[in-house]
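Chemist: Taken from TrEMBL, the feature domain 'NIDO' applies to 107-273. Annotated region 'Disordered' per TrEMBL: 323-442, 1073-1099, in sequence order. Sequence annotations record features per position, and here TrEMBL assigns compositional bias 'Acidic residues' to 323-335. TrEMBL lists 347-366 with the feature compositional bias 'Basic and acidic residues'. Positions annotated as compositional bias 'Polar residues' by TrEMBL: 382-397. Per TrEMBL, domain 'Nidogen G2 beta-barrel' is recorded for 530-760. For 761-802, 803-845, 850-893, 894-930, the entry in TrEMBL reads domain 'EGF-like'. For 939-1007, 1017-1085, the entry in TrEMBL reads domain 'Thyroglobulin type-1'. Here TrEMBL flags CYS976-CYS983, CYS1055-CYS1062 as disulfide bond. Taken from TrEMBL, the feature compositional bias 'Pro residues' covers 1089-1099. Annotation comment: TrEMBL describes 1155-1198, 1199-1241, 1242-1286 as repeat 'LDL-receptor class B'.
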Amino acid sequence: MLGNPMAERPPLLQQQLLLLLLLLSRVAALHPGELFPYGESWRDQLLPEGDDESSAAVKLAIPLRFYEAQFSDLYVGTNGIISTQDFPRETQYVDDDFPTDFPAIAPFLADIDTSGGRGRILYREDTSPTVLGLAARYVRAGFPRSAERFAPTHAFLATWEQVGAYEEVRRGAPPSGELNTFQAVLASDESDSYALFLYPVNGLQFFGTRPKESYNVQLELPARVGFCRGEAGELKREGPYFSLTSTEQSIKNLYQLSNVGIPGVWAFHIGSTSLLDNVRPAIVEGDLSKSRSLASLEHSFSHDAALESDYTDDNLDYYDENEEEIEYPPSEPEEAGNGHGSIDVSFHSKVDSRTLGESTTRDPQTKEGTPVGKTDILDINGQVQHSEQTETRSPASSPEIDTGSLNPSQEASLLYPENEHTQPYPGGGAVPSAVDVPPAHPGGKVVLQHYPIPDFTAPRSGGRSVVAVEDNISSNTKVFTYNGANKETCERSHRQCSQHAFCTDYTTGFCCHCQFRFYGNGKHCLPEGAPLRVNGKVTGHLHVGHMPIHFTNVDLHAYIVGNDGRAYTAISHIPQPAAQALLPLTPIGGLFGWLFALEKPGSENGFSITGATFTQDMDVTFYPGEEKVHITQIAEGLDSENYLSIKTNIQGQVPSIPVNSTAHIAPYKELYHYSDSAVTSTSSREYSLTFGDISQTWSYRIHQNITYQTCKHASRHQAVPTTQQLTVDRVFAMYSDEERVLRFAVANQVGPVEEDSGPAPVNPCHDGSHMCDTTAQCHPGTNAAYTCECAPGYQGDGRSCVDVDECTTGSHHCGPNSVCINMKGSYKCECPNGYEFAEDRHTCILIAPPPNPCEDGSHTCAPAGQAQCIHHGGRMFTCACLPGYAGSGQQCTDVDECLENRCHPAATCYNTPGSFSCRCQPGYHGDGFQCTPDSTSELKPCEQQQRYAQAQPAYPGSPLHIPQCDENGNFLPLQCHRNTGFCWCVDHNGHEVPGTRTPPGSTPPHCRTPESIQRPRTVCERWRESLMEHYGGIARDDQYVPQCDDLGQFIALQCHGKSDFCWCVDKDGREVEGTRSQPGTTPACIPTVAPPTVRPTPRPDVTPPSVGTFLLYAQGQQIGHLPLNGTKLQKDAAKTLLSLHGSIVVGIDYDCREKMVYWTDVAGRTISRTSLEPGAEPETIINTGLISPEGLAIDHVRRTMYWTDSGLDKIESAKLDGSERRVLFHTDLVNPRAIAVDPIRGNLYWTDWNREAPKIEISSLSGENRRILVNKDIGLPNGLTFDSFSKLLCWADAGTKKLECTLPDGTGRRVIQNNLNYPFSIVSYTDHFYHTDWRRDGVISINKHSGQFTDEYLPEQRSHLYGITAVYPYCPTGNEYSQSTLRV
């Protein structure tokens, strides 16, 4: 065609697209008969008809490798999905975006319904050579290098044939004729698994489905195609996922594009024995077909752009003869990104300008393309050239067929003719197996025979090539310039939408739309029917009459009953004259009435249009005085709890109103006019003022202008008129001088403009007379009929609705590392300490730690072999010399351990840098620390040491001591150093008696004979040894160590470490009241002082508890104290009882007789105790034979303690002082944790959270009659308590999320609460349970009778809480505790 090049031709954009398609997609697509064989003759199983059906578990002969795991079972679902586990209800996943919270292989995830014979779903496992061979060829074609030797041994096939979308049943309306056919094949060998998705031509006739019960909204959710690992691990963290499509257009293009070289066929590597971070798509590197002329996509345009391009059957055969030169961005694919997150496109791409002709039919000699008929092509000047070519016949039309040269899809159609019986597609037909392509033009640069792509650099966005044919293209008569970087798409910007909205791409950009049962503008969405709160500030600069009045940032709060349009507004602390004068200005609160007005059919309230960000300007003129006031209200969005935030500013003059006057505003109607980004309304209102018996009527005129941002990419819903009428049925305004609160209340409806006519019957939904719950939406029916439906986030019959705990039901979207917190009608996600929100506001990522001087080498400590750098956060650090060195840490010198007499007296000490060694002298043998005489020596130890010391070279000041022996060769009880003058007492082994050393010049100690020294350890000595063990053998300068005399009794003068704080004690170690001194003063202590009534004051890290009942909880390195007022938590009085640095306290219990707290420490591997009386110090009572002591229970009657050790898998008991220790059980235990005792019945209970077989067991307190009490329907029984009030055994389960109780014999089991978060330990007191929770990191209280959560306490320092116990001010008394009634 010659003449005007712009005449009678499609738009340039369309021509550009069509030429692209001619180059890349005009090939013989996959025919339905070319699917893998299926049907009854192939022994397929048939899925039952229905809307939400799933198959029984298909037991695989070899496991399927999916991501990092192996699975032996597969399930096929109606909704275009395969999983490794049974499916939840479709409402939990079918309308949600990726990822799902369960493993998913989704060739077409949508709301599919096969009821009434609308299609069928078939599946099987197959090992036939034909199927395995075809699968192998597809996989090798897509992965020519990595899968070159892939030979599958098993395949699993699932076929969805002619299935339809779920549709709402309409009387007289036939079902839609749009039906889909697609197939998924999973092929595996011993090390790898691959997935193939196949979409035949015309096989996808619908591309998405509407959410159920949303047919008044003309929106569809595109189908999802991809893979999800699902939630994994104990904490249910979101696993990796891969998404192939994101929009309807990308679904449409599935059968026209490919990543293996045949349109409609897609291959993915989904599992391997080697590391596979995420699903990897094929990248089309091989020469799959010698007969099809689809250009190899290795050198193709961007695949994500291709999937988004608008391809139709109608435009595949047409392009304009007169077209300027068009440039396309070539690209080359990359493998999908590793790790976590949605890929959301077929693959990524890079720029490449190589040709696209790898799969073009060529002459084997010349390597040039074979002529294929007559075709018009473009030369470099844009003119049309005509070329005569001869036709190349496809193998399908050849008399002799060489199956070795066929591609897999042709092979399938020849091998499996039964697939040809598939129901034909509308508009279907024969598809040519070869494509007409033009030859090389001798004078031009475009040679379509070889598919060259001219050089072009695509615009970059986020590090990816982006090609979208709908993007903006500026044009002139000569040049086309690609300009796609300016367009915002859902892929890049969908996070701007509300979490309750979905994103839709349009030609010029994207828009957000609220999901079903939510309303708003898409960027802000609220649940229909749910109550709403508004928080804000009001500032005013007014003249009331002629009196200036100013107020700044006073509080505004509003509450809206969403299901009947009532709005209540309260403004506090406005000065009285101004508040009185503002009574008639109901539009201040009327804004919320318009925003959340009850919608009549076909109408929308303000929030549905503006969302939560807008500005309202009101100009009000009062008559007759013509005072004028301007009001600006700015909405600033929704906070984390969906509260609307708003700022109000009032400026101008208002008429003065006398004090104690009341204002009356009659119901009114006003019209609102809607245009792009603005709403206007002008009206006049009358109001009457009543003061005593006087009543006057006044008026004002109001002009309102509301501006907001709208999404211009989508046309406004045509059903909403440009003018709507707001009907305000009830108006109320009052000011309380006593409360200083100005209140407004309005009841609003928005609907079409009404004609003046007689009264018409009003539906209860419209006048607020319905009986729906305040958290439910009222749906009007005919006449006065209506139905109630609970708002999203609530459940019930509509007349009574209760909150849904999304955190417990799993319907939340909080991502990895985040914590879900339930709220009324909703939930929120929070990040724990050390984490922050990622861009999606759901996933928590680790906050990058600040530089660590200890790691980056910027510290100033001594060399690594001498000192240790200890990091304290940020740039803070300290230096500590290593053992064997002494100094500041920045300077460390070697310690000569030989000066400390570390070796045996009969050994020689050799000092080395940082260490030393000992070697026994001749005549002795041993390791140097212990040396014993050789058998030939008859000397006693004292004589041996004496002889050795005498043999050493002597020098003045030598530290070597020469022992003094008696005539029998034994150590004298009194030993004195001849050089230093120190004296001390020794036992019969020559070991110094602690506390007996005296300084030079003082009276030597009185030493008893060795026989008298062999006595039991005293309280002072045992306390001293216990504390020294607790301190690790060396006490710090600030740690208290009891001072004992040579007889083991308390020395009258006691001091705290090396400080100058000293006090006097009596013979029992109790502090003498009034003797504690200040630094610089030493009290005069007399050993004979009568015993006082108080003990030493507490350590710096101990806080004495208050009197009364309280809870003690373990929190890592401290024990917390939480008082109770009755059963209510006194959170403001909570404090730390005891700090235990370096410990991890887990189990905790209380002995009410001696007022002692006992605890287990898994870091120190000890069991310790301390008194609750002031001045008490911790005492370690068990410090050997423990690995991971967890649960602890005290029997205060028998004076016995019981504990579990999950490291040794044991349950043990001992007396409260650590004596009489014995193992009760050491078999059939996997993870014993909680333990409880019933001293009255003599029963011991414990839990074992063995994941394979969790259980609760019982035995007598002596370990007899062991038996399982509960082992059904439990998961992780972390907490256990015996309720002495109700005589019930109760447990908190972190697996089932339940709190349950049973009688001691296992009968009468009942659930108290079934929505726990992650309980760890539990205790009962009167009518409440108190448990520690790892999700909340706090203490939660639950009423025993109602099961309701009543309170919670969250410590300021957030970390996991472990054990919890209740401390009573008394022990239970009565006959029930007499020894005669106790059974062991």
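For all residues, glycine too, the Cβ spot is worked out from N, Cα and C.
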Chemist: Reported as an integer number of Å, what is the Cα distance between CYS1062 (disulfide bond) and CYS983 (disulfide bond)?
Modeler: 25
Chemist: For a quick check of packing: other C-beta atoms within 10 Å of the C-beta of CYS1055 (disulfide bond), how many?
Modeler: 16
Chemist: May I ask for the residues of the chain that lie six or more residues beyond the repeat 'LDL-receptor class B' (1242-1286) and have a Cβ under 8 Å from a Cβ within it?
Modeler: 1191, 1193, 1195, 1198, 1200, 1202, 1204, 1211, 1213, 1224-1225, 1229-1236, 1292-1296, 1301-1302, 1304, 1306, 1309, 1319-1324, 1326-1327, 1329, 1331-1332, 1344, 1372, 1382-1384
Chemist: Below 8 Å between Cβ atoms, which of the listed ranges 107-273, 530-760, 761-802, 850-893, 894-930 makes the most pairs with the domain 'Thyroglobulin type-1' (939-1007)?
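Modeler: Out of the listed stretches, 894-930 contacts the domain 'Thyroglobulin type-1' (939-1007) most.
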Chemist: Across the whole of the domain 'Thyroglobulin type-1' (939-1007), what does the mean pLDDT come to? Round it, please.
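Modeler: Here the mean pLDDT over the domain 'Thyroglobulin type-1' (939-1007) amounts to 81.
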Chemist: Using Cβ-Cβ distances, find the residues under 8 Å from CYS976 (disulfide bond) that belong to the same chain and are at least 6 apart in sequence, listing them in sequence order.
Modeler: GLN964, PHE982, CYS983, TRP984, PRO1004
Chemist: Can you count helix, strand and coil residues in the domain 'EGF-like' (761-802) using DSSP?
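Modeler: For that range the per-state counts are 4 helix, 15 strand, 23 coil.
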Chemist: Cβ under 8 Å to the domain 'EGF-like' (803-845), counting only same-chain residues 6 or more beyond its ends: which ones?
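Modeler: Counting only partners 6 or more residues beyond its ends, the domain 'EGF-like' (803-845) has Cβ contacts under 8 Å with 92, 101, 236-238, 340, 495, 499, 527, 530-531, 640-642, 775, 791-795, 1297, 1314-1317, 1335-1337, 1358-1359.
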Chemist: Could you tally the C-beta atoms, other than its own, that fall within 10 angstroms of the C-beta of CYS1062 (disulfide bond)?
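Modeler: Taking every protein chain into account, the count is 18.
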Chemist: Within the domain 'EGF-like' (894-930), count helix residues (DSSP H, G, I), strand residues (E, B) and coil residues, in that order.
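Modeler: Secondary-structure breakdown of the domain 'EGF-like' (894-930): 4 helix, 16 strand, 17 coil.
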Chemist: Over the span of the repeat 'LDL-receptor class B' (1199-1241), count residues by DSSP class, listing helix, strand and coil in order.
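Modeler: For the repeat 'LDL-receptor class B' (1199-1241), the helix, strand and coil counts are 0 helix, 23 strand, 20 coil.
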Chemist: Across the domain 'EGF-like' (803-845), what are the DSSP residue counts per state (helix, strand, coil)?
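Modeler: In the domain 'EGF-like' (803-845), the DSSP-based counts are 4 helix, 16 strand, 23 coil.
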Chemist: On the DSSP side of things, how many residues of the repeat 'LDL-receptor class B' (1155-1198) fall into helix, strand and coil, could you say?
Modeler: 0 helix, 23 strand, 21 coil
Chemist: 10 Å Cβ neighbour count around CYS983 (disulfide bond)?
Modeler: 19
